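Asker: I'd like to ask you about the structure that follows.
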Amino acid sequence: MNKSLMVTKRDGTQEQINLDKIHRVITWAAEGLDNVSVSQVELRSHIQFYEGIRTSDIHETIIKAAADLISKDSPDYQYLAARLAIFHLRKKAYGHFDPPRLYDHVKKLVRMEKYDQALLDDYTREEWDTMDGFIDHWRDMTFSYAAVKQLEGKYLVQNRVTGEIYESAQFLYLLVSASLFSKYPKETRLDYVKRFYDATSTFKISLPTPIMAGVRTPTRQFSSCVLIECDDSLDSINATASAIVKYVSQRAGIGINAGAIRALGSEIRGGEAFHTGCIPFYKYFQTAVKSCSQGGVRGGAATLYYPIWHLEAENLLVLKNNRGVEDNRVRHMDYGVQLNKLMYQRLIKGSEITLFSPSDVPGLYEAFFADQDKFEELYVKYEQDPTIRKRTVKAVEIFSLLMQERASTGRIYIQNVDHCNTHSPFDPQVAPVRQSNLCLEIALPTKPLQHINDENGEIALCTLSAFNLGKIENLDELEELADLAVRSLDALLDYQDYPVVAAKRSSLARRSLGIGVINYAYYLAKNGVRYSDGSANDLTHRTFEAIQYYLLKASMNLAKEQGACEYFNETTYAKGILPIDTYKKDLDSLTQEPLHYDWESLRKDIQEFGLRNSTLTALMPSETSSQISNATNGIEPPRGHVSIKASKDGILKQVVPEYENLMDNYELLWDIPSNDGYLHLVGIMQKFVDQAISANTNYDPKRFEDGKVPMKVLLKDLLTAYKYGLKTLYYQNTRDGAEDVQEDLDDGCAGGACKI
């Protein structure tokens, strides 16, 4: 290595390269790590140095050299690279390694208009000094490399045009806590700030992108998931498009229910016009969804819902595929096809399904969600009425078309609307669930808007976070974590702004939360159980019972303190009904695990004090926040022991937690022989989860004759999911023979919106 090389410092002056200094920094970063070599990193970076290189480029070269060495055999390079990256990041943010005092930092950033003025108005200087004592900046050193790159790319407050970064991670965690608990009484709030800071900065509670990036800044917009329902009128269609644009611009992911729109050829105004059908309006919604690109990265994303018995269903099912022409395809949205028991029964019996336009069959569309018996009665009555326009198809043909499109696009999703309403926290007579969201984990009531300022409409919003199961040693720890998670998200509802009245009204009256889990695959590996063989069933039952029990208890305690939510009377909880009463009894064949908590006294307390929140749980995908916490994604099995994720911040390698000790315990996605074990586990989770679960189905064609997945396997899995009470199915993944570890991080969930 040429020791006389000249380098350019941050202030523009030149000096001779100082190899000792570089050696000291790498040695510092390698301290306490196993199986990493300082000289390897030096060697790989030295060959890339050149005359006049900037010191910041030297730093980035060293970081990259360390990151390139991350592998199964030496996973600790992910921490060496991370420490070097943290060092670099702090130099960029503060000019030196040690962060400033908290109060000075906040004052400076409020003055620069990067932080919210409320931070200084709500807390005194003494309180800031106390909070400074809560911060442990060394926690930065527990991040993996992928986490630091995600923080830099998505979460830290920065100027996205110039690339300047203004803060480091521990300030982010503390200021999110301080913002959320700012309206709590002075006597208790610092205690909550400290405990929530500790829970989030040690990765026990995981927060979604909008909260991590936005809380503490002047922009108060953190809705993760937005559900918008459309009626069968031009005014409502326009109001829906307008609401979509407003929310897409705020980085939210959208669920659209367009199932009520009448079919092609229906009469308009008593026959003076001929209706153009659904497709032109779906195109209109697609244009609205793609109209705003978020931070110049990409357009928004939406999933659009309709019932399988819609007269146009055969044309709607193919909207996403690559055949056809522009006129009859709407490819840039995903679709959720709505099913219920009657449709499955027709399939099993080998009989027929009749397709109608919702406009021709009064009461049928409403009953599809609110009352299954009434739906069947009306459906059969309309089938026999010769005056009603209809089309009859073999059930197996339309189900096969549905599953064929799901297989070829991967993104035709399933919603079982009867399960969404019979095993629901909402009373379907007054607040039926008629759709889900972008990623299929939300099940909340909606009402169509007739115009954009319609106060009688209802746009559903859901606020998310998750427990990191890998960090939980004992299920009783969930009691405190549940209390913190519920209090923080509930406070967020009052802290944020709402761009559309129909969303504000319902969000504040229902106060729906969706708290999920990450790191489930590590949790199973750590406990020595597997997805595929039933060994995880009892553990999963115990775990999700504890989660739902402690969350309900936390929400009940908060209701005691701050009052029940305004629409509590629209929930089944108000009638004394709990998830343990309405679950699908077929699950009892999968696990005989008894209930371990005192549900009966909780039932009494809920009837006496109410709940602060209508819903508490939803199991969402979690690509981004899993990287921050160095966890496995949501409830999914990992594709490989090392995952390589491509994102706009480059290629990020991440090794599964505790790889050296647990490598044989992890069950990798494509080693799992069928979907049964996974679907059984999701069913057990759904027994307790009050909203829905982003559950995927996975197929490796090589396991089947001729390398093709047989239709009967696809249909069997669909029926298994229904049998065990699954409300929704999300992606269908087909193994394509490419390297399994490669995943694309931006897979359509807008701004990480409905994921966390």
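The backbone N, Cα and C atoms fix where each Cβ goes, and this holds for glycine too.
According to Swiss-Prot, the protein carries these features:
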ACT_SITE  N437  active site, proton acceptor
ACT_SITE  C439  active site, cysteine radical intermediate
ACT_SITE  E441  active site, proton acceptor
BINDING   K9, E15, Q16, I17, N18, L19, D20, K21, T55, K91  ATP binding site
DISULFID  C225-C462  disulfide bond
DOMAIN    5-95  domain 'ATP-cone'
SITE      C225  site 'Important for hydrogen atom transfer'
SITE      C462  site 'Important for hydrogen atom transfer'
SITE      Y730  site 'Important for electron transfer'
SITE      Y731  site 'Important for electron transfer'
SITE      C749  site 'Interacts with thioredoxin/glutaredoxin'
SITE      C754  site 'Interacts with thioredoxin/glutaredoxin'
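Give me the local environment of each listed feature.
Answerer: When other Cβ atoms within 10 Å of the Cβ of N437 (active site, proton acceptor) are tallied across all protein chains shown, the result is 35. According to DSSP, N437 (active site, proton acceptor) is assigned to coil rather than to any helix or strand.
The 10 Å shell around the Cβ of E441 (active site, proton acceptor) contains 29 further Cβ atoms across the protein chains shown.
Counting only residues at least six positions away in the same chain, the Cβ atoms of V7, T8, K9, R10 sit under 8 Å from the Cβ of T55 (ATP binding site).
In the three-state DSSP reading, C225 (disulfide bond) counts as strand.
Cβ contacts within 10 Å of C225 (disulfide bond), excluding its own Cβ and spanning all protein chains shown: 32.
A strand conformation is recorded for C462 (disulfide bond) in the three-state DSSP classification. Residue environment of C462 (disulfide bond) contains 26 other Cβ atoms, counted within 10 Å of its Cβ in all protein chains.
Y730 (site 'Important for electron transfer') falls within neither a helix nor a strand when secondary structure is assigned with DSSP, and so counts as coil.
Using a 10 Å Cβ-Cβ cutoff, Y731 (site 'Important for electron transfer') registers 23 neighbours.
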Asker: Across all protein chains in the structure, which of the binding-site residues Q16, N18 has the highest Cβ count within 10 Å?
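Answerer: Answer by Cβ density within 10 Å: N18.
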Asker: The domain 'ATP-cone' (5-95): mean pLDDT?
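Answerer: It averages 95.
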Asker: Which whole-number value in Å describes the distance between the Cα atoms of D20 (ATP binding site) and C462 (disulfide bond)?
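Answerer: So the alpha carbons of D20 (ATP binding site) and C462 (disulfide bond) sit roughly 53 Å from each other.
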Asker: Do you know offhand how many angstrom separate C225 (disulfide bond) and C439 (active site, cysteine radical intermediate) by C-alpha?
Answerer: 9
Asker: Hey, what's the Cβ neighbour count for K9 (ATP binding site) at 10 Å?
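Answerer: Step by step: centre on the Cβ of K9 (ATP binding site), count other Cβ atoms within 10 Å, giving 11.
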Asker: Under 8 Å Cβ to Cβ from Y730 (site 'Important for electron transfer'), same chain, six or more residues apart: give me those in sequence order, or none if nothing qualifies.
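Answerer: Y413, C439, L440, E441, P621, S694, A695, N696 - these are the non-local Cβ neighbours of Y730 (site 'Important for electron transfer'), listed in sequence order.
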Asker: What span in Å does the ATP site cover, taken as the longest CA to CA distance among K9, E15, Q16, I17, N18, L19, D20, K21, T55, K91?
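Answerer: The two farthest binding residues have Cα atoms 20 Å apart.
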